[in-house]
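Participant: Have a look at the structure that comes next, please.
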Amino acid sequence: MASFTHTVGHQVYRFDSLKEVMAKASPARSGDYLAGVAASNDGERVAAQMALANIPLKHFLNEALIPYEQDEVTRLIVDTHDQQAFAPVSHLTVGGLRDWLLSEQADEHSLRALAPGLTPEMAAAVSKIMRVQDLVLVAQKIRVVTAFRGTMGLRGRLSTRLQPNHPTDEPAGIAASILDGLLYGNGDAMIGINPATDSIASICALLEMLDAIIQRYDIPTQSCVLTHVTTSIEAINRGVPLDLVFQSIAGTEAANAGFGINLNVLQEGYEAGLSLKRGTVGQNLMYFETGQGSALSANAHHGVDQQTCETRAYAVARHFKPFLVNTVVGFIGPEYLYNGKQIIRAGLEDHFCGKLLGVPMGCDICYTNHAEADQDDMDTLLTLLGVAGINFIMGIPGSDDIMLNYQTTSFHDALYARQTLGLKPGPEFEAWLERTGIFTQADGRIRFGDNLPPAFRQALAQLA
Amino acid sequence: MERHAPTPDNPWLALRNLTPARIALGRTGISLPTGAQLDFQFAHAQARDAVHLPFDHVGLRQQLGDRGRDSLLLHSAASDRHQYLQRPDLGRRLHEDSAQRLREHAQANPGGVDLAIVVADGLSALAVHRHTLPFLSRFEEQAAADGWTSAPVILVEQGRVAVADEVGELLGARMTVMLIGERPGLSSPDSLGLYFTYAPKVGLTDAYRNCISNVRLEGLSYGMAAHRLLYLMREACRRQLSGVNLKDEAEVHSIDSEESAGKSGNFLLGEG
């Protein structure tokens with residue numbers, strides 16, 4: 001294992017491994033202190049960033065942060081690394097990569113070609129020496145386009161996952177939140193439910209219901225019930241109509257074991273989803289959720305900082321050509337990301353690193369009530385991610401998830417981002433919104449229809 | 001209390017009867033109307049205040065004393081709320097001075113006890129202030145009828161769930177019941193959680209605990225919570241274990257009762 005020193009003035013800083021340089025170079029966050037891997041002061045942090053900037057990218061191919069023999073995620077990263085794609089930057093250091101990414105040479109085309117040549121550790125390393133504006137600027141150059149029944153990630157588009165959660169999975173309650181979201185133009189990324197009850201029977205009932213709603217109203221979107229991948233496989237085996245296969249994933253084999261999965265299980269889930277051939281404009285169908293701190297909370301981080309662990313999860317994700325990946329940035333709590341500042345930075349890091357690696361990134365822009373964060377912080381992160389070109393965000397009624405007890409972006413928040421940044425929903429869903437008369441969007445301005453769409457008026461009339 | 005301001009012009013207002021979610025809020029332009037915006041801010045403020053409300057252990061001990069219950073006040077290894085929120089590991093252990101006090105208590109009262117009741121502020125002292133006394137009066141009456149002996153009520157400042165393991169071990173208790181303030185939701189700043197452990201000792205994982213959540217006026221009633229807890233305790237004593245192996249059967253029990261409540265139809269699919 002290499003050791004690294006960096007001298008600033010008369011002070012010599014010494015780091016005993018690449019893992020230690022990476023951890024100490026990470027912008028401050030509570031989870032790295034909790035793990036005991038953070039820099040001991042601001043000076044040491046910047047010295048570590050300087051040392052990191054001088055490390056050649058090639059070194060990352062020789063020193064694994066988590067040993068190849070011990071971890072299948074490391075093996076996946078090493079075994080699938082594309083030397084040819086790496087060639088344009090193979091002579092650079094981490095600092096040189098930052099300069100290259102910000103330069104004119106890095107454009108949509110060259111960045112797409114580079115993605116398979118970068119390892120997650122390289123992406124994480126360069127992000128640690130980038131400011132917020134760098135993370136936004138480079139991510140904004142990249143597009144990662146995927147498709148199933150709708151197309152995600154096109155330039156000028158911002159999609160939303162309609163998340164109609166209900167504390168007891170009451171069908172009418174879920175339907176009420178779905179209709180509310182649709183009438184505010186949300187739901188093109190998916191209608192995705194976090195179920196309160198995890199029994200196979202109730203999961204299948206929710207999937208049947210979502211499929212029936214999507215068909216009845218001819219909505220160009222995807223259904224998802226966020227249950228364990230093995231439960232989705234079981235539902236598929238029972239012949240239940242399922243669009244997207246969900247799973248929480250992390251960046252180490254041990255953390256994934258904590259989720260009850262490994263790469264083989266994910267492959268089985270992916271193949272089961274593909275066997276249904278339900279996509280109409282594409283066949284990307286995996287939906288993954290991630291978040292900084294998940295490896296540490298499973299005591300499976302191997303002394304690697306939480307942002308690097310998170311970026312390794314994107315190597316897992318991209319292997320299965322996902323439809324969307326969602327970093328649930330503020331959900332885990334203040335022991336990992338303490339306040340609005342840490343949550344904002346983490347959300348932008350995750351989006352940048354994911355996009356750089358070719359992953360269709362979205363973000364659950366969220367916080368819990370014991371974090372030092374509020375709606376103003378979420379507005380800030382939403383605006384920044386909108387500028388950075390994020391593929392999708394959550395949309396829920398009034399920012400209040402009554403099942404998971406946290407706050408994320410509302411249907412109204414999505415409209416704010418679309419209006420101020422001139423972003424539209426995915427093209428298929430945009431056409432549906434126009435056709436039904438919910439709203440049209442020209443020159444960025446959203447114009448709502450004067451009347452409720454007839455089909456929904458009819459549904460509401462039943463309640464009278 | 002009004003959850004959010006009415007917006008009578010919203011044509012799908014009737015859907016509010018179907019879910020506690022903040023639907024049909026209306027809009028001004030594309031934005032949230034003032035009433036809904038400020039209602040949300042107030043709900044968040046209440047949740048924040050609950051997280052930071054200091055534990056009124058003096059008042060609680062007074063109330064317990066009035067009921068003839070002894071109590072001991074202890075402190076976790078987390079020195080203040082700021083540290084508590086960032087270092088869950090410290091909230092799970094007693095401060096050394098507190099551990100010593102408990103050892104001395106156990107030496108003075110040898111032979112152990114059946115039950116140690118531990119009350120910790122957790123993430124909502126508000127929940128503990130509101131629900132500890134009324135819940136305990138329901139629960140202890142029935143526990144006494146079952147013939148279980150209890151240690152003094154142990155209050156832990158800046159405590160997390162697992163601190164009850166250390167308390168139980170030092171007291172030589174057969175079982176611990178932890179009453180703790182849960183993470184406040186936007187509409188539930190005062191939700192109390194109950195955690196039960198058989199044969200408590202330091203280092204147990206959550207797999208060895210059973211949880212009864214959402215005890216509050218709008219959630220699970222004191223009587224129902226006490227009933228479920230006593231059921232778990234009796235089963236635990238019979239099978240000499242707690243946690244996931246006990247949970248399975250308890251869950252079957254609760255799912256049955258949910259389904260018997262019946263499900264309403266789905267208006268979007270013409271099942272109104």
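Each Cβ is built from the backbone N, Cα and C atoms, and glycine gets one as well.
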Participant: In TrEMBL, A:R161, A:L162, A:Q163, A:N194, A:D364 are given as binding substrate, so which of A:E72, A:E268, A:E271, A:E289 is in that site too?
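Facilitator: TrEMBL names A:E289 for this substrate site.
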Participant: If TrEMBL says A:Q247, A:S297, A:M403 bind adenosylcob(III)alamin, which of A:P120, A:P171, A:P195 does it name for the same site?
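Facilitator: Answer, per TrEMBL (adenosylcob(III)alamin site with A:Q247, A:S297, A:M403), from A:P120, A:P171, A:P195: A:P195.
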Participant: Would you kindly give the Cα-Cα distance separating A:N194 (substrate binding site) and A:S297 (adenosylcob(III)alamin binding site), rounded to the nearest Å?
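Facilitator: A:N194 (substrate binding site) has its Cα 21 Å from the Cα of A:S297 (adenosylcob(III)alamin binding site).
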Participant: If we check Cα distances from A:M403 (adenosylcob(III)alamin binding site), which of the binding-site residues A:L162, A:N194, A:D364 wins as closest?
Facilitator: A:N194
Participant: So what sits near A:D364 (substrate binding site) in its own chain, CB-to-CB under 8 Å and at least six residues off in sequence?
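Facilitator: Listed in sequence order, they are A:E289, A:N326, A:T327, A:V328, A:V329, A:G330, A:F331, A:I393, A:M394, A:T408, A:T409.
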Participant: Suppose the substrate site is A:R161, A:L162, A:Q163, A:N194, A:E289, A:D364. Which further residues of the same chain have a Cβ inside 8 angstroms of that site's Cβ centroid?
Facilitator: A:M190, A:G192, A:L226, A:N326, A:M394, A:I396, A:T408
Participant: In the three-state scheme derived from DSSP, which category covers A:R161 (substrate binding site)?
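Facilitator: DSSP assigns A:R161 (substrate binding site) to strand.
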